Amino acid sequence: MYLIYLLRRDLRISDNPVFHHLQQQHSQFSHVLPLYILSPSQIEVSGLLQDEDSHSPYPQARSRLGKFWRCGPHRAKFLAESIWDLKQSLKDRGSNLVIRVGKMDEVVGQILKQKEFQGKVAAVWMTKDWASEEIDEEHKIERVVKEKCDGKIECKVWDGEEMLLHDDDFASFDRAQVPDVFTSFRKSFEPLRDNIRPPYNLTLSQLPPLPPYVLDQAVPFFIPTTLEQFISAVQNPVLDCGLGQSILHPQGASTAHPFIGGETRAHERIRHLLVSGSISTYKDTRNGLLGQDFSTKLSAYLALGCITARQVNAYMLAFEDGKNCPDFGTRTNSQVDLLKAEGFGKGENKGTSAVRFELLWRDYMRLCMRKYGNSLFSIEGFRGAQRSDSDAPFTKHQKNKLGSDSSYHWSDLSSPDTRTRFTRFLRGETGTGLIDASMRELALTGYTSNRTRQNCASFLAKSLWIDWRLGAEWYECMLTDYDVASNWGNWAYVAGVGNDPRGREDGKSGSEGRKFNPVKQAWDYDFKGEYVKAWIVEFEDIPSSKERGPKGGWVDVMFQAWQVHDIFNHTKDEREREVVSKLKRLEWVNNPLVKIRYQPKGRR
Ligand SMILES: Cc1cc2nc3c(=O)[nH]c(=O)nc-3n(C[C@H](O)[C@H](O)[C@H](O)COP(=O)(O)OP(=O)(O)OC[C@H]3O[C@@H](n4cnc5c(N)ncnc54)[C@H](O)[C@@H]3O)c2cc1C
């Protein structure tokens, strides 16, 4: 009998509950069809049309409000690489990954209808995904399976086990009642290190073969036969992200996220973090802005399920206990020499503890998505849903405010002025250096740090007062590591409509709540302006920090370019005069979207 296993955000062979089960129950199925379906509502599939005269039956995969690509060029590439890596791992085990294009339920329906499959399929399995579109997909597949087979085929949705904690570990509170404040949630699992289950350790050696005949991809689409072809097919249609003139890549600026997708690379990455000592120094470096190792860069792998949070934890546990890296049977065979690695064999350290803490945040965002469902995508976020929930643990003041606050005064894009300001934000031309560097880095590389993400989200929602969901949609398009719960949950949090109890506390000045000052933040985290200079091509000629000497001034300009008029109006230095005159010709220098008066302590 056949099994159809639909892979979604579980693109791995190791620590995968379905493959683990198959490894244990060898004879249950004679044939297994691992299937990945490119869903046309989430990824643009026109690049997979057989020829130029063919037309896609599907509308373009664009976002609801901003009409951005749902999956932009960076993630499209990473996804293609991850799918291909899994394909290779499955081939090594006597199987393969069959790729198809179309609505999930339709593709499954076509396969079940195929005469070679009739009476032979015993089960259709997939792992659970808690985002609303994916839940809809599951329901539709369940319906199709039921209709086509009169209840004779099992349709099972497995727990994907992609979180650090297990569902059964939430015994201290009903899963649906996850606390609305992270700290209360976190405290239920302390000490965290002792409360995490191990991943599955059985390595997948062999899988039953594919069914002897599998229907070809239906017209008008084709399935590429090489990775290069696959990447071009999913990337080419979305290369133009609608920003108009392309953003220039400054010479010498190198991406913090050069990583290739897939389970193999995910395990290489965590091994590198251990051997280089970066994991032990993580707590001190995590607010960095430049370079590959200031943070783990595991997010994109985790988002697609190339590695699980529990596997990351297992690596850290072994490291802390002075043991070799665990062997998950992936294609990452190389053992690394950890003996000289910082922190090896010395128990939990600040770095490993902080990584666990962040992975718990990831769980928390997922649980909140389960609890509040679609309200995650509404302008009032979780707060809208909480207003009707008298048990939400907010202060009386906050509850009163939530109860009466109908003034969510975020602008949509109906006015030309807002559209212009929003486009300048996306292009990194606001005139606020930290924001502009981050938005350009994001567009050019698909990654930007957590620190700058917080600043950009706060800037859009609380300085420009533009609908925060447009920012979330842009991130969905641009981020390599896009993850429904983490992205929308964090955006809502920063906008003040998520799970931040201080999010909308107004103090004295209206309902801004926790608001980041991007100039202060730039001074705190980029005090020489190196990050801003790296990503804003117009700052290329500004003397580097070594050349600048103690004179100052240029850093202020990089953080807020309009200050060039005040600081360098009368400079006599020929080189400076040239740079100044170039800058003074720029619209975003002369007319910044926001001017922030700020001087770091100890300066005039
Ligand atoms: C506005 C905004 C949007 C974001 N969108 C996403 C997103 O789409 N996908 C995503 O994975 N993260 C998102 N984050 C969270 C965080 O910025 C990224 O996880 C992190 O920057 C990824 O880099 P890293 O893997 O090096 O993280 P590290 O600092 O090394 O953290 C380790 C892991 O912990 C998890 N993590 C860390 N911080 C958070 C957080 N605040 N919330 C949830 N999980 C976290 C991630 O899985 C990450 O890989 C967003 C944050 C903000 C403020």
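Numbers run from 1 along the shown chain.
The backbone N, Cα and C atoms fix where each Cβ goes, glycine too.
According to TrEMBL:
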DOMAIN    1-163  domain 'Photolyase/cryptochrome alpha/beta'
BINDING   TYR282, SER295, THR296, LYS297, LEU298, SER299, ASP481, TYR482, ASP483  FAD binding site
REGION    386-415  region 'Disordered'
COMPBIAS  404-415  compositional bias 'Low complexity'
SITE      TRP410  site 'Electron transfer via tryptophanyl radical'
SITE      TRP468  site 'Electron transfer via tryptophanyl radical'
SITE      TRP491  site 'Electron transfer via tryptophanyl radical'
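Annotated features, which come from TrEMBL, shown on the structure.
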residue: TYR282; record: FAD binding site; DSSP (3 states): helix
residue: THR296; record: FAD binding site; DSSP (3 states): coil
residue: TRP410; record: site 'Electron transfer via tryptophanyl radical'; DSSP (3 states): coil
residue: TRP468; record: site 'Electron transfer via tryptophanyl radical'; DSSP (3 states): helix
residue: ASP481; record: FAD binding site; DSSP (3 states): coil
residue: TRP491; record: site 'Electron transfer via tryptophanyl radical'; DSSP (3 states): helix
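The Cα atom of THR296 (FAD binding site) lies nearest to that of TRP491, taking the recorded sites TRP410, TRP468, TRP491 as the candidates. Taking the domain 'Photolyase/cryptochrome alpha/beta' (1-163) as a whole, pLDDT averages 95 in the prediction. Here TRP491 (site 'Electron transfer via tryptophanyl radical') is compared against the binding-site residues TYR282, LEU298, ASP481, ASP483, and the shortest C-alpha distance is to ASP483. Within 10 Å of its Cβ, the residue among the recorded positions TYR282, TRP491 with the fewest other Cβ atoms is TYR282.
Close contacts with ligand 1, defined as a Cβ under 6 Å from any of its atoms, occur at THR296, LEU298, ASP481, ASP483, TRP491 among the recorded positions THR296, LEU298, TRP468, ASP481, ASP483, TRP491. Close to TRP468 (site 'Electron transfer via tryptophanyl radical') in the fold, though at least 6 residues off in sequence, lie ILE379, TRP410, ALA457, LEU460, ALA461, TRP491, ALA492, VAL494, ALA495, VAL497, each with a CB less than 8 Å from its CB. Note: ASP483 (FAD binding site) has non-local neighbours SER299, LEU302, ALA303, ARG362, i.e. same-chain residues 6+ apart with C-beta under 8 A of its own C-beta. Between the two most distant C-alpha atoms of the annotated FAD binders (TYR282, SER295, THR296, LYS297, LEU298, SER299, ASP481, TYR482, ASP483) there are 22 Å. Note: ASP481 (FAD binding site) has non-local neighbours ARG75, SER299, ALA300, LEU302, ALA303, TYR447, i.e. same-chain residues 6+ apart with C-beta under 8 A of its own C-beta.
Sparsest Cβ environment among the recorded positions THR296, LEU298, TRP410 (other Cβ atoms counted within 10 Å): TRP410.
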